[in-house]
Amino acid sequence: MSKSDEPIGLIGDALNQSSQTSGSQVAIAAAAFVGLAIFTLGAFSLLRPNNKIVYQPKLKYAAGEKKPPPISDGVFGWIPPILKLGEADLLPLIGLDAVTYLRFCKMIVYITAILAIIMCGTLIPVDLTFHLKNGNDASTKQYNINALTMNSVSGNYIWAHVAMSYIGTIVALFFIWLNYRQMVRLRWKWFRSDDYQTSFNARTLMITHVDKRMRSDEALAGALSSIGMPYPTTDVHISRVVGQLPYLIEEHDETVRKLERVLAKWLKDPNHVPSKRPTMKIGAKMGFGGKQVDAVDYLTNRINNLEATIENWKERISERKPESYGFASMATVPFAHAAARSLRGKKPRGLEVTLAPPPRDIIWKNLNLSKSQRFRSSVWGFVILSILLFINAVPLVAVALISQMERFKGVLPFLATWQNSSSWSFSAVSGLAPPAISGVFGYFLPPLMRRIGKYRGVTTRNRLDRVITNQYFGFLIISQFIVFTLVGVTLTTIAAAIKNSKDARNVDHILATVKNQYLNMGNYWLTWIPLRLFVAAFDISQAIKLLYTWVLSAFLGRTPRDIREFTKPPSFDYAIYYANMLFLFAVGMLYATLAPLVLAFVAVCAFVSFYLYKYMHIYVVVTKNESGGRLWRVVINRLLVCIVFMQVILALAVALDQHWPAFACLPPILFVLAFKIYCRIAFDRQFDWYIPDASEIASLKTHTGDASHHRLARRFGHPSLHQKLFTPLVHAKVKHLLPQVYSGRLDEHDSYGDPSKTSVMAGPGGLEIKAVEEEECAYDPKLDNDAASIFSTSTAAPFRGAPSRQGTADFQTQYAGYMAGGPRNPGNAFEMNNLAAGSQENLLEKAAMYDDTGRQQHFRKGSAGTMLSFNSRPSPGNEIPPPQPAGAMYRPNTAGSQGSGNGNGSFFPPGAGGPIRPGQPVRQDSYGNVGRGTPPPPRGAGGYLDSGRSSPGPGQFYASPQRGPSPAGAQTPGSRGMYGAPSGYASPSNMSSASLVEVHPQHSMAVSAASMYAEAPQLPPSQFGGPPQPTSAARFYNSSPQQQHPQQAPYYPAGQQQPPRGGPPYYR
């Protein structure tokens, strides 16, 4: 038996020949996948007019400038908009992340199309001429499509390929430079957009790895002041441990889903309730054991118990320990960028300071990981990824063997019978199965990699996208180009070594085998690229979504929540689509000089995919977390790697034929490295940071009310603290059956003043069940009645508290309806009998318990029976104590600046800083801590101040946000707090003199803002990130602490006996 007849040798030869796909297999695969793509697009064109909620949901739900242009109902009415709309039109519609992806796809189209024309027009005639003159190679006769490639080309013909590699590199780098420059302009435009300038996270810093000694608002503020922050903060907040609260909320919402599905399946017939109640098994282990219980009663009781547990957790949040991370807000966006850039990579005092991502972009459970935990998770995650890479090699081997079934006819007789009886089906399976199997396994890989990325401790979803893009692209390159190629070569070499063949010890022979593998694999990619074209068409067809909806309707029953999630515009997974487009480009560039026909296929696929994804971004998908195109630099770096790989493989192919001329392929690699250095110097700084010019600095809008309005604690508190719980939803047509389900334990009522037709059924234990009309089941971003607040769902009585802002009705309308209808349950008029004597709670100000987006916030009992809430703006209804003498309420602090109330001082303290008298109302902080001492000055510098330091930092006088009646900027002479401006700093000129006051620590006197600030300084971009330097065009205020000012007493407007809540007294 020859070595090729043994199993190892036979498999090795088959794997080596797996890439030599015949012309008939390429034709069958291309025709099949292209035909499927055309059929899918045709079905999409026919179904689109009657399924607009699936194929153009953004046309219904987007509003204002984000509403896309309408489409005609014609079969091809979707084509004109995607041809007419340009980038300038798309930017306000779809956001910068989507525009960046489309620009990236368009750049690939330009590069591959131009290179395909050049390469095919030059190299195919050269290769074809060589093979016609030297056409004695048997493999060339068998696989005639190889005549169009570099396979077996030698001599002077090879220099044409080397020359084309230079042209390909220059063309690719030119288009990358052109688009990189435009992306920097788009980023600058995005930095200056209203959406970014008004976003709170744009001027917020995230601080991680906080030491235990600094885990309080005051200590963290003092630490920031002592590390050389170039600008002061307006608020500092340290997070607290939430423990099991997120998991309890997740379990609650999942239990609500189960109850909804049970009711939907049981109450399919609106005219009849089946006599047999649904049951479920609980307590089972691995499908064994457990007991059967009534599903409706069990899930209802479970929801009530979870709500009570969640309420208890939230009530005790003030007792929890602080976390190892916090946040600090700045007065303006440039201040935040300057601070983050100046502290980047330095980690002063162990603190890592970065720009804060949007709150919903944060993976909160990974923020509190220690360095050792993160390292351990990262190592184990890498091990799991490596195992996954090894497992994925198994289907790749199967793919290679299936493509070469013909070589196993002697071992497996049924293959010979099959080929003799139906040669076309034999070729079809050999050509279609390999790319199909590869695509199926590739579909399940990205979700696993995303889970592994979260396990490794990635802190934000945008950063996770960057990690997934890198890993998935690298995974495809390693598995498809390295493993797929080398497995066959390795097995053949092992089989030869067993037979003591000289070829097993011949390095040149092994390298030549590797070269032939890469060259012959070009035919396999000609079958894979049409599959990618079909996948793009399959994405736009939304076939999986339609199939899932049909299964729910036919077998499980569609709940109102299922309908809402079905009609909600899906989010676009940028990481996976970027990686797939990068891999498509890699295939084209790696074979640009070896098999130009592959590049032509790539150009066609990229061209069609660009327009299909353009339609999806305009009418179908949304960006879940806008990052402003942060993935651009990641994908550009991978494009440069692809260009380098093209040169390396070409150099290998040339070296096996002519050794020294292979060095001619190396200069383009140096071009790529030099281009990368140029981009880093010329573009990266402007791409990452917001660098305003002098005119922008003069017109900056400053924010000084963060501390008094609790913006930071509210926006960057853990989501579970204010996350709304799901309310069970049922269809309105089965509402009348609910009394039979719950044996009459229901109390029906409507939301007063709410124009919605939704009715509320108060079930056993105070559980709300909402009956939703059929026309209201569709997703509506303006309505948020999928969830209710923790307070409203955990009240035992049918009454649900104050009028909410759920729905589209404003508060005034709801309140008017409430006043007209009265309490829902007069016997339990909670809003009236729960007000303590002496409290100034005002029902007209109940709107303060709701934030700007209409989410009802969690609030808890405060002093004197009043309620303390996390609200979006100050309100007289939130714990205003009885009037006190001005001297007792307003006293300068000579012990140094303190932070926000966290157990160190009350906001409305008694006189002389003595003990709190019984019965006196005392303001609690955001966590329920009662102050016990002198009133704290504004949130800012604390116990880590160093008056003798010379590092750039805040100066003495900077208008600070007010919190209660605390004096603004009061601090010990000679000290430098967080609210002092750096030396030479001038506030923006548009700040009015009436909006800012400053109090000297020794005299308790007011200083007009006009006397403190001059016109704005000019901050050259070259000095951005360090202490701002004055120019001749700017005048600066001398912030000497020795200045004397006449003392003035506070006064209040006529009829007002106390300061407005959240602000200081007025001054004459």
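Each residue, glycine too, has its Cβ placed from N, Cα and C.
Per TrEMBL, these features apply:
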type	residues	note
TRANSMEM	26-47	transmembrane segment
DOMAIN	29-177	domain 'CSC1/OSCA1-like N-terminal transmembrane'
TRANSMEM	107-126	transmembrane segment
TRANSMEM	158-180	transmembrane segment
DOMAIN	202-366	domain 'CSC1/OSCA1-like cytosolic'
TRANSMEM	379-403	transmembrane segment
DOMAIN	379-652	domain 'CSC1/OSCA1-like 7TM region'
TRANSMEM	423-445	transmembrane segment
TRANSMEM	472-498	transmembrane segment
TRANSMEM	529-551	transmembrane segment
TRANSMEM	572-591	transmembrane segment
TRANSMEM	597-613	transmembrane segment
TRANSMEM	634-654	transmembrane segment
TRANSMEM	660-679	transmembrane segment
COMPBIAS	866-875	compositional bias 'Polar residues'
Tally of residues which DSSP labels helix, strand or coil - the domain 'CSC1/OSCA1-like N-terminal transmembrane' (29-177): 119 helix, 0 strand, 30 coil
Range from 26-47, 107-126, 158-180, 660-679 with most C-beta pairs under 8 A to the transmembrane segment (597-613): 107-126
Region pair the transmembrane segment (423-445) / the transmembrane segment (660-679), three or more CB pairs under 8 Å: no
The transmembrane segment (107-126) in contact with the transmembrane segment (660-679), cutoff 8 A, at least 3 CB pairs, sep 6+: no
Positions on the same chain near the transmembrane segment (572-591), where near means CB under 8 A and six or more residues out: 97-98, 101, 104-105, 108, 111-112, 115, 168, 172, 446, 450, 464-466, 468-469, 472-473, 476-477, 480-481, 522, 525, 528-529, 532, 598-599, 601-603, 605-606, 609, 613, 616-617, 621-624, 631, 634-635, 638-639, 642-643, 645-646, 649
Residues from the same chain, set at least six apart from the ends of the transmembrane segment (529-551), whose C-beta lies under 8 A from its own: 29-30, 32-34, 36-38, 40-41, 43-44, 51, 54-55, 435-436, 439, 558, 566, 570, 580, 584, 587, 598, 601-602, 604-605, 608-609, 612-613, 615-616, 620
Segment-level pLDDT (mean, integer) for the domain 'CSC1/OSCA1-like 7TM region' (379-652): 82
